[in-house]
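Peer 1: Look at Swiss-Prot and you will find C347, C407, C410 tagged as [4Fe-4S] cluster binding site.
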Amino acid sequence: MSKGTLFDKVWDAHTVQILPSGQTQLFIGLHLIHEVTSPQAFAMLRERGLTVLYPDRTVATVDHIVPTEDQARPFVDTLAEEMMQALENSAKENGIRFYNIGSGNQGIVHVIAPEQGLTQPGMTIACGDSHTSTHGAFGAIAFGIGTSQVRDVLASQTLALSKLKVRKIEVNGTLPPGVYAKDVILHIIRKLGVKGGVGYAYEYAGTTFANMSMEERMTVCNMSIEGGARCGYINPDDITFDYLKGRDFAPTGDDWDKAVTWWRSMASDADAEYDDVVTFDASDIEPTVTWGITPGQGIGISEPVPTPESLPESDRAIAQEAYSYMQLSPGTPIKGTKVDVCFIGSCTNGRISDLREAAKFAKGHHVANGVKAFVVPGSERVKVQAEAEGLHKIFLEAGFEWREAGCSMCLAMNPDKLQGDQISASSSNRNFKGRQGSSTGRTLLMSPAMVVAAAVNGKVSDVRELS
């Protein structure tokens, strides 16, 4: 059993009681809500005559169903408009802080909370969204929850949870040129499998993560769930504190000093005990692209699509399914695969540093004929910052569309969707069948820089070769 880890410390600090079931009733320090998983939860509260217990610990925004082109109200999609109105009314009714379109603070929930300093070390955080593990980059324990659990947190500010085991994932060394945080997490998921983390919290450690910026760390923690882990985190350090200082909800004055002292104390002890330890060498990682229908089906850009014989027997059935769905033949190079759509954005890679890096490669190039390419900032703040730096002009001159903030093509809940059997190069986090809006649409996951290379060449390319 793990002991002395950040996970243990945060868990213990937020334990209300041990329930008869053996589960822990855990206090939730911050509850993030959006328009998709909250309407039913609020309806259940009304049915029982309940109100939100701690509205000051709840923050709402809209992201999943928001159009990124025409945001005029009412939305063309009547269901989306209905969901918008439901959250607007529920937030007002319960006194919940709500960041609506045009507020200057709206955006993908996992982008806006960190950028405003809402996400802090030592917290427990819950949200009705799979990628809540993003917030673990700050040394928080963050869980994605279902609608009934959203109801529970609204009503009681607690969750009934079983304690997880802790796996330490060490990556050491300097990342080679053209290799990013996205490649690191895709590599980890490839090696450990999409079910490898079931029952675990992942602690990311080692010199590679220590040298990452906060936004890079968020990319890594964001995809913990894709490896089966319920949450993933990185111990807070000076990089964390420097990022937080001065943000809207960060402590100030003496409270800041006290907070930093406490945050440091929550980091895993040097002699912490883990349930499992796995190590990787950063020099073994190259630009990575998924070829199949799970985030675990990734390969380096120099590798061919794997043959069934090269895979463990347990992976062969889904590989056969992937060959058929993706229309890719085993043994053929992934490099050179034609793409139709290129998407940069999402809670994985829609932050300002992602856009800066993508713009660096887009500058002086142009999107290939026949390719639709677009960039979607993760928040209104990111969009304003990008435009202040002139990044939008670089993208527009290169033939990319420049959109409003939202989840966009990460998932098929808004107008940004694939058509027919189009294939996309995407900086998002999931490549499941039909994920991007078409039952036959195909998704290749990669870093924003690699998406630019694909857009420019009209095919999967090595960004290191983009002149």
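Any Cβ shown, glycine's included, is placed from N, Cα and C.
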Peer 1: Once C347, C407, C410 are set aside, which residues in the chain still have Cβ within 8 Å of the Cβ centroid of the [4Fe-4S] cluster site?
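Peer 2: Nearby residues not in the site list: D63, H64, I108, H110, H131, G345, S346, T348, G350, G378, G406, S408, L411, S428, N429.
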Peer 1: Near the Cβ of C410 ([4Fe-4S] cluster binding site), how many other Cβ atoms are there if near means within 10 Å?
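Peer 2: There are 29 such Cβ atoms around C410 ([4Fe-4S] cluster binding site).
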Peer 1: Take the Cβ of C407 ([4Fe-4S] cluster binding site) and count every other Cβ within 10 Å, whichever protein chain it belongs to.
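Peer 2: A count of 30.
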